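Before any comments, here is the structure.
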Amino acid sequence: MKSFVLLFCLAQLWGCHSIPLDPVAGYKEPACDDPDTEQAALAAVDYINKHLPRGYKHTLNQIDSVKVWPRRPTGEVYDIEIDTLETTCHVLDPTPLANCSVRQQTQHAVEGDCDIHVLKQDGQFSVLFTKCDSSPDSAEDVRKLCPDCPLLAPLNDSRVVHAVEVALATFNAESNGSYLQLVEISRAQFVPLPVSVSVEFAVAATDCIAKEVVDPTKCNLLAEKQYGFCKGSVIQKALGGEDVRVTCTLFQTQPVIPQPQPDGAEAEAPSAVPDAAGPTPSAAGPPVASVVVGPSVVAVPLPLHRAHYDLRHTFSGVASVESSSGEAFHVGKTPIVGQPSIPGGPVRLCPGRIRYFKI
């Protein structure tokens, strides 16, 4: 009798920790902070950063919801909604994401929202589908925290373009190294005091010596491309003229190593990197972004008047979620159902914890 009671108690305990499959909806809903859910979300963030062609890396801030669908004959697919925050690391910067600082609210933070399908098979996570968008915090919210903090400025504004050109020219004139070409204008702000334009931009090294350049059009990118990142400010002097301050950091070249993909997952396309030899961002001709569509990359024109790189220009949700083998997986309209009324079943815990701050 004691053995029967013990067995019954163990069965009840197991039921408390297992995640039941909803027999009506066909999926299960684990907690948003469940370890497997978090691993799937982190795999998605890693995928996003590897495929961003410009702008800054994003980091996971919160998991909003999750559904786990069975995939036949093997594996399961996590249908996840996540919030991300922009970091201060450019996408060309090889610094590990864990070492990148989140851009603070007083610096005009940018938040991303993503719907992602992640395949878990044989203990490995692979992204099947990604749809994202991102937007800066509202001016009102920034002003509440910091009335004098500068806001993001349009990247094609003539004052921004001028500040980048002057800052890069100043750096090249004082450099003993390679002549640097502009890759993209990444971020800009109009600072009220002192009156100035603050800019951040990506660059690439060429085969020319900076101080010896006469005709920049004859300079070519290095065979093994090397990128860098610059921060500058152009301050308006009270009696006229400009005070230019700029610092640039060149990154070590990073070899691209193809990663093996589990059966049924799309092969990752190589990260699309802006071509520094192409036209620089300006008011006359905006650059183009790239959309990840399975193993291919499709060019998409960027909006002319923008202050940041919107994730939707790369992750527009056009990729298929069908696997190349096994039964196809489709996320469509699901029945509206309540929580499974299973005695001793777990309480759903979503959305998950906020890792930084909410905007």
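Keep in mind that glycine also has a Cβ here, set from the backbone N, Cα and C atoms.
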Range annotated as region 'Disordered' in Swiss-Prot, from 54-82, 112-140, 257-285: 257-285
Member of Cys219, Cys230 annotated by Swiss-Prot as disulfide partner of Cys248: Cys230
Disulfide-linked residue for Cys32, taking Swiss-Prot as the record, within Cys219, Cys350: Cys350
Residue with minimal Cβ packing [other Cβ atoms within 10 Å] among the modified residues Ser135, Ser138: Ser138
Helix, strand and coil totals (DSSP H, G, I; E, B; other) for the domain 'Cystatin fetuin-A-type 2' (144-256): 25 helix, 49 strand, 39 coil
Spatial separation of Cys89 (disulfide bond) from Asn99 (N-linked glycosylation site) - C-alpha basis, Å: 9
Position of peak Cβ density within 10 Å, selected from the disulfide-bonded residues Cys146, Cys149: Cys149
Recorded positions near Cys132 (disulfide bond), in sequence order, restricted to Cys100, Asn176, Cys219, Cys230, Thr314, Ser316 and a 10 Å Cα cut-off: Thr314, Ser316
Per-residue pLDDT averaged over the domain 'Cystatin fetuin-A-type 2' (144-256), given as an integer: 95
